[in-house]
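A.B. asks: First, the structure itself, so that you have it in front of you.
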Amino acid sequence: MNGPTFLAALTLLIWLGLAWDVGRGNRRLRRLAKLPLPEQAGWPRVSLVIAARNEGKTLGAAVPTMLALDYPDLELIAVNDRSEDDTGAVLEKLAAADPRLRVVTVTALPEGWIGKNHALHTGAIEAAGEWILFTDADIHFQPDTLRRAVAYARMQTLDHLAAVPRLVEQGHALGICVNAFSFAFTVGLRPAHISDPRSRAHGGVGAFNLVRSSTYRKLGGHEPVRMRPDDDIKLGKLMKAGGFSELVLGEGALAVAWYDSVGAMIRGLTKNAYAGADYRLWVPLAAMLAFGVGWVWPAVALFLYEGPAMWLNAGTLALILALGCDQTRFTGGRWWHGLFLPLGMAVFAWILLRSQAVTLWTGGITWRGTHYPLRDLKANRL
C-alpha cells in the first residue's frame, strides 16, 4: 500500500468512526416535545429567569409565550441589565398585566463579571423556585414544554436538563450554517454522552438550562462561571460535577430566530468561539489542520490519484455528504443543506480563527458595549 492509499484509507476509517458516534449519538437523544407527561401529585415551584439587555424588540413576542406555559406554579424573573432602549418599559408593561412576572433592574456591573452572567446570577438570587430555568429573552415556548421538562427531570432524578431549541434560519445560506453548527456541536460536546456519569462529556444551552435550585446554589450559582462567555456550557459542566445532567432536543418545544444573516452569525460567535478553546493558542491551528486533512484533502486528492486512493477518497466525500444530510433530521432543516456541510464547516473554521485573532488583537472581547480583558477571561478557566 503506497502513501496516498494509506492516507486515504486512514481518513476514511476516522470518518467511519465519527459517523458511527455522531449517528448513534443523535438517535439516542430524546425529544423534549415527546417526553412522557405523567400525572403529578404536586408540581414544584419553578422560577424562570431571563437576562435582557437592549432586547426591547424581542421581548414583546417571546415573554408572552413564557407566561403562556401551562405550568401550575411558575414565576418569571426578568433582569433588565443596564438597557439603553425600551427594554425596561416593555417588561414593566408585561409585568403590569401578569403578577407572575417580576422585573429586576441592574444599573451597574460589578468588576469581575460578564454582564449576562451577573444578570442571571442576580435573577437566581431572587428566585424562590425548587427549580430554576435559565433562558434567553428571544426564546419562544410551546405551552406544555416546562411540564414535560420538569416531569422528566424528576423521573430521572436529574439536577440539570438542557434542551437545544429549533434554530429558525433566515434563508438557505444561514440554514447551511445552522446545520454545520449542529454537526460541530454534536462532534465537540458529544451530547448523547452527557447523561453518562463515567463520561467527561458535558454541556448546556443558554436557551434552556433547567437546574435544581439546591444543587445550583450549593455549587455557587453563576459565580464560578462569572467571566465565561460560554457560561451555558460551563454551567452544564458544573452541574454535572455536582449531580446528574442530560441534554435533549427541543424541536417542537422551543424555538429561536438565531441570527438574521451569516454576517450577523459570524460577528455574534466571534465573541465566544475562542473561549470554547479555553483561549489556548494551539487549538484553532489544530482545528484548521484537522479541517484541511479531514475535509479539504479528500476532495483535492480525488483528482490527483487513481485506483484505490481515488475510490477511498470518493467514499470519504460521500460519507461526509451523507452525514450532513442525516444531521438535518435533527435540526429540522432542508435535507439538501447537508450537501453543503463542508462549506458550512469552513465558515466555522474561519469563525474560530477570527475569534482568536480579534480576541488577541483587542486584548479581550466586547459584548453588548462592554469590554472584558483577556487576562480576566483566562483567569476563569473551569
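Quick reminder: no glycine exception, Cβ is built from N, Cα and C everywhere.
Pulled the feature table from TrEMBL, pasting it below:
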DOMAIN    47-154  domain 'Glycosyltransferase 2-like'
TRANSMEM  281-304  transmembrane segment
TRANSMEM  311-329  transmembrane segment
TRANSMEM  335-353  transmembrane segment
A.B. asks: Return the average pLDDT for the domain 'Glycosyltransferase 2-like' (47-154) as a whole number.
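C.D. replies: The average pLDDT of the model in the domain 'Glycosyltransferase 2-like' (47-154) works out to 97.
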A.B. asks: Who are the long-range neighbours of the transmembrane segment (311-329) in its own chain, taking Cβ under 8 Å and residues 6 or more past its ends?
C.D. replies: 5, 8-9, 11-12, 15-16, 18-19, 22-23, 26, 179-180, 182-183, 186, 295, 298-299, 301-302, 305, 335-342, 344
